[in-house]
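According to TrEMBL, the compositional bias 'Basic and acidic residues' annotation covers 1-17. Positions annotated as domain 'C2H2-type' by TrEMBL: 30-57, 58-85, 86-113, 114-141, 142-162. As annotated by TrEMBL, region 'Disordered' applies to 1-22.
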Amino acid sequence: QEEPEAPRIKEEQEDTKQNQLNETQDKNVLSCRICDETFTENILLMKHLKIHTDEGLFSCKICGKTASRKCHLDVHMRTHTGEKPFLCNLCGKNFRLKADLRRHTMTHTGGKPFPCKICGKSFSRKSSLTVHVRTHVAEKPFSCEICGKGFCAKAFLNLHMREQRASVVLCCISVLL
């Protein structure tokens, strides 16, 4: 793999590195030469550069998945250990991710911060709103490979496929009889 270039500093006039780092943050923009992501602090750029190399990657000893930060690997490890450290104080259910607990809490509070701009119906999840909006515009991006029927959500296609498999099996059995 190619060694990443040192960070470059975008300014009207390039000074020495020390002078550049002493400038105010709004004048200094540090940029990754590989992906052009920008940073206001050198330490953040240096951490970022590690994602472009194998240096500093944390590797899962179970499945080999790599992460650029140890905290990301720790979260990944929960998929193997089954650890669910985030507890709902209202019902006692545990979650692997803090975001999952936050989303779950909406089921208790009744909060539905995602309203449909077409009909006004509100949803607790953005993904549910996305599926709902497809019913208004007749968008059906998920199609059955057997009969061609379209669905607005992958979950509905999966349900249909289970039903299709059952009918295909029944059809095959009746041919044999």
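Glycine residues also receive a Cβ, built from the backbone N, Cα and C atoms like all the rest.
Quantities reported herein were computed from a predicted structural model and do not represent experimental measurements.
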DSSP residue counts for the domain 'C2H2-type' (86-113), split into helix, strand and coil: 12 helix, 4 strand, 12 coil
Tally of DSSP helical, extended and coil residues in the domain 'C2H2-type' (142-162): 9 helix, 4 strand, 8 coil
